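Undergrad: Under the heading divalent metal cation 1 binding site, TrEMBL lists His5, His7, Glu91, Asp201. Marked as divalent metal cation 2 binding site by TrEMBL: His127, His151.
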Amino acid sequence: MIDSHCHLDFEIFDTYRAELLARMRAAGITGYIIPGVKADTWSRLLEVVEQDSQCALALGLHPAFMEDHRSADLLQLEQSLNHPSVVAIGEIGLNRLHHSEDLSAQKEILNQQLTLAKEQGVPVILHARQSLDELIGIVRKLGFSNGGIVHAFSGSEQQAEQWLKLGFKLGVGGAITHPRAVRLRRVVAKLSTGSIVLETDSPDMRPSFLPKNCENTPLVIPLIASVLASLRGEGWQEVVEQSDKAVLEALPRCAERFR
């Protein structure tokens, strides 16, 4: 069972990370992917990797942290892609919800990272807040064909189909557990087999069933899978196997990590 998107490098996990990793292994979580968000966190990510061989990394410059990014970060990113734990460039993309004031800068750094991914032949993990159609246009214009994952997908069935045609898988997590997410629940119920990857976005994107005094961690992946199975009318094991297979298809380098 793979969590395709979690932030276990965040400081909130420092006091119990080793215990959490042990509990994850005991729960049958065989792999997890941590996406980087800014260059000054990448060394921290590499420390986490040293603690657990079932961890894979994506490194990228997140649109929510534009003030922290420097031009030299792109060179560091290129040099870091050779690390055996790095399986993608990410988390990268556009955020119109809270950061629309620097959208032109977001687009510039996104294009630079997509170009690097295209040149290096690696997939990407995309952040798309209120920008799914815009990102589709950017990916198409660049001729990017390495695929990857659209993190926290929340779009329509039509948008989903466009992303799938571009070779991407769709990340689904805690949002589908909320009854008010009517459209999203309807969309994921109809998506083709093998198009969805499970994720927690820990510690964010809390599922509805999680008590307020509990942190969101990869340990909720089995429960999110249960909700998805119910929505799709499929068995839990089938949903988990489909997701794990989709992760390896989207991020082929993971096969070397999650043996």
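Cβ atoms here come from the backbone N, Cα and C positions, even for glycine.
Tell me about the setting of these features in this model.
TA: According to DSSP, Glu91 (divalent metal cation 1 binding site) sits within a strand segment.
Around the Cβ of His151 (divalent metal cation 2 binding site), a 10 Å sphere holds 27 further Cβ atoms from the protein chains shown.
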Undergrad: How many other Cβ atoms sit within 10 Å of the Cβ of His7 (divalent metal cation 1 binding site)?
TA: 20
Undergrad: If I take the alpha carbons of Glu91 (divalent metal cation 1 binding site) and His151 (divalent metal cation 2 binding site), what is the distance between them in whole Å?
TA: 8
Undergrad: Beyond His5, His7, Glu91, Asp201, what residues of that chain have CB atoms within 8 A of the centre of the divalent metal cation 1 site's CB atoms?
TA: Cys6, Ile34, Pro35, Ile125, His151, Ala152, Glu199, Ser202, Asp204
Undergrad: In the structure shown, which of the binding-site residues His5, His127 has the fewest Cβ neighbours within 10 Å?
TA: His127
Undergrad: Far apart in sequence but close in space: which same-chain residues, 6 or more away, have a Cβ under 8 Å from Asp201 (divalent metal cation 1 binding site)?
TA: His5, Cys6, His7, His151, Ala152, Gly173, Gly174, Asn216
